[in-house]
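As recorded in TrEMBL:
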TRANSMEM  27-44  transmembrane segment
TRANSMEM  50-72  transmembrane segment
TRANSMEM  93-115  transmembrane segment
TRANSMEM  121-139  transmembrane segment
TRANSMEM  160-184  transmembrane segment
TRANSMEM  221-238  transmembrane segment
TRANSMEM  244-264  transmembrane segment
TRANSMEM  284-304  transmembrane segment
Amino acid sequence: MSQTTLGALPQSASTVRDWFDLLKPRVMTLVVFTGAIGLFIAPAHVNPLIGAIVILSIAIATGGAGAINMWFDRDIDAVMRRTASRPVPAGRVAPVDALAYGIALSVLSVCLIGLATNWVAAVTLAFCIFYYVVIYTMWLKRSTPQNIVIGGAAGAFPPIVGWAAATGQIGLLPVLLFAIVFFWTPPHFWSLSLYACKDYGAAGVPMLPVVKGARHTRWQILIYTILLTAVSLTPVMIGLTGPIYAVAAALLDAGFLVLALRVLRDRQDATGTSLTGDKPAKQAFRYSLAYLAALFGAVCVDRLL
Ligand code: HEM
Ligand SMILES: CC(C)=CCC/C(C)=C/CC/C(C)=C/COP(=O)(O)OP(=O)(O)O
């Protein structure tokens, strides 16, 4: 179905809920959390009001970028069961309105953080929006199975934004936090894509399991989880974090490695398709969310105590 055809769909009335859903609020919570931790652990005093504005700006940016993503992806979202009832493909919000809403929020977020803090934070946030909308959504998502590896960097910028807002600079610790989210994204998303894979195939999105198959994806999940373990322990190795983070990271990494191994060893047919209803992949996806939240929580506790 072409985007033009969808754009011409008759519209039914939108609700406040639709405008809220355009912001991808559930994903936003964790993105904003990582940005807030970047702000909290920075070695600078931040006025609480300014801190609240920074967190709000990251939330508005994530929401704005999400709305533009939903505008652009309305053709593929209409094909996938998971996304077909979203406000734009379901015809409750006109594509042009979703685009205008996303652009307005994106501009607002950059102005807000720039006026409240500094240009380093504003430029980093603007680049983050650009990366998610243009590099990931418009370019990589539809063109390569490495889409979420390279494009996934978009979701890794918020800790740098938070730190930059507090200090006016980009430090080594937030860069390591960026790297953690970067290496976390493939096991996070590929675990999900193992059992949501058919949808992506139908929509023509070249996600890894669609292009390379489930067996290859299982190996990639394990490889990236090992890389994630190495990266998440780097702050400990170079003395940027202390024992609280060291213990938390070691335990969380051990759990993720066990689950990634279970995904690899899941009972499967010759093509790698699960015979257990993808139970291990579902567990790994859920664990990925708890992992990132707990790891960032541990950095914060470790640095502030
Ligand atoms: C390119 C990178 C990523 C892709 C393709 C991706 C994709 C997805 C998908 C498809 C879901 C399923 C739920 C839904 O329908 O929205 C999901 C859930 C989720 N993702 Fe990601 N994700 C990525 C990166 C991230 C990042 C960087 C974060 C946060 C730091 C994040 C946080 C979450 C959360 C919190 C959920 C659970 C939402 C819920 O409760 O439904 N994701 N992700
Ligand atoms: C601060 C800021 C601007 C952050 C933007 C980065 C961001 C929102 C990262 C989260 C990544 C994400 C939701 C990917 C899913 O996109 P998708 O299009 O593949 O997923 P979908 O199929 O559910 O739409």
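Backbone N, Cα and C atoms are what each Cβ position is placed from, and that goes for glycine too.
Please treat TrEMBL annotations as automatic predictions, because they have not gone through curation.
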Using a Cβ cut-off of under 8 Å, list the residues of the same chain at least 6 residues beyond the transmembrane segment (160-184) that approach it.
34-44, 46, 50, 54-55, 58, 113, 116-118, 120-121, 124-125, 128, 152-153, 224, 227-228, 231-232, 234-235, 238, 240-241, 288, 291-292, 295-296, 299
Let me check one thing: do the transmembrane segment (121-139) and the transmembrane segment (284-304) come into contact, meaning three or more Cβ pairs under 8 Å with sequence separation of at least 6?
no
Per the Cβ under 8 Å criterion, with at least 6 residues separating them from its ends, the transmembrane segment (50-72) contacts 22-25, 27-28, 31-32, 35-36, 39-40, 86-88, 95, 98-99, 101-110, 112-113, 116-117, 121, 125, 128-129, 132-133, 137-138, 154, 158, 161-162, 165-166
Remote residues contacting the transmembrane segment (27-44) - C-beta distance under 8 A, at least 6 residues beyond either end:
51, 54-55, 58-59, 62-63, 66, 155, 158-163, 165-167, 171, 173-174, 177, 181, 289, 292-293, 296-297, 299-300, 303-304
